[in-house]
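What TrEMBL annotates here:
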type    : residues       : note
BINDING : Thr200         : FAD binding site
BINDING : Arg311, Gly338 : D-dopa binding site
DOMAIN  : 10-353         : domain 'FAD dependent oxidoreductase'
Amino acid sequence: MQKQKQKQKRIVVIGAGVSGLTTALLLSKNPRYSITVAAKHMPGDYDIEYASPWAGADYLPWTLTGISFADEYYGMNRTSEPGTDAAEWDRSPACKTYTRTKDVDSPTPKFAKDPWWKDMLPDYKEIPTSHLPPGISTGHSFTSLTINTAIYLPYLVSLLLASSVILKRAVFTHITDAAFAHHTTSPSPSNQADMLLNCTGLSSLTLPGVSDPHLYPIRGQTVLVRNASHGNFSLSGTDESDEGAYIMARAAGGGTVLGGCTQVGSWAGEVDVEMAGRIMGRAVGLCPELVGGKEDGVKGLDVIRHGVGLRPARKGGVRIESEVVDGVQVVHNYGHAGAGYQCSFGCAEVAVKLVDEALWD
Ligand SMILES: Cc1cc2nc3c(=O)[nH]c(=O)nc-3n(C[C@H](O)[C@H](O)[C@H](O)COP(=O)(O)OP(=O)(O)OC[C@H]3O[C@@H](n4cnc5c(N)ncnc54)[C@H](O)[C@@H]3O)c2cc1C
């Protein structure tokens, strides 16, 4: 037993968003790793510097440079394997995408006629024209996944605790400071961690030792309501250039998320009240069932909270890379933009492979 402990490599995962927690979870499958997760923000916090709580978070495929479609799908679908606790509560059987008539000839259509993922998501089919709302040319329905982030992030924490991973608060002013944050390490240069996982999301833009200039925010704004939509909806476009319209029904009493926007380069952390009004108006138009089909729709919405989050986007796509910073071995896993949940397992698997290679090959 003592011998096995001595052989363990000490790893510090920086960040407790979905990327850090998932990476720590996959690392914890290897008994040769002793893991500490250290972060400024933890599940339960709501902060503009912490993207994960604000996500929808559904699975509606987007391409991430450097990550294959298969990884992306496989990644999120893993949370719903039969037999896991998450198997039932994140399944969304009634998802619909609608293409507006005015978006049909768009040079960059949001929804392809025959998307590459149509054979991967169960029940994918075209909605008959007679069932489409006014102003909609085509629509598709399918089964997908929607994560209730308010319970999913603590769920990941519970899996980590069951695997003897230690979690703690820490704020690092240089990435290599984390080398002294392992729970068995005393602050002595000869006793530092063997590996750091950098899962700091957008903060990698300014974190000394990383300072990645390719990172930028894509601001998202949402409204969480108590009303039930009985399904997910996503519209091809709106009349405001950087605004969208989507509805995500959260499992287990999580409410319904109404979105949203994709404001590239905006750091604004406060709620834009006028935009919130437009988000709610569009949601009621898209799904009148939210308010029981009543005419004065938006007034029928029962708001739990307004949300603003910054998607950690990166020119060139997600960074999953190994490097040595000032003599400390680091594997990066950040820059997942608006797909951090749906590619969480796929990206974490790539990161863990890099850890294995760096520590054992
Ligand atoms: C409105 C909105 C809607 C979204 N919808 C979806 C969706 O439908 N599907 C989907 O897959 N994704 C969605 N996303 C994207 C998803 O939320 C992100 O890609 C994901 O949360 C990024 O997670 P992360 O762990 O990399 O970063 P974060 O969640 O930001 O976590 C970063 C962590 O690093 C820590 N940290 C940073 N700097 C330091 C430091 N110096 N010292 C110590 N700790 C530090 C922070 O405290 C935090 O714990 C959405 C995002 C938003 C904002």
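Residue positions begin at 1 at the first shown residue.
Just so it is clear, glycine is given a Cβ too, placed from its N, Cα and C backbone atoms.
Within 10 Å of the C-beta of Gly338 (D-dopa binding site) there are 21 other C-beta atoms, taking all protein chains into account. Here the domain 'FAD dependent oxidoreductase' (10-353) has a mean pLDDT of 90 out of 100.
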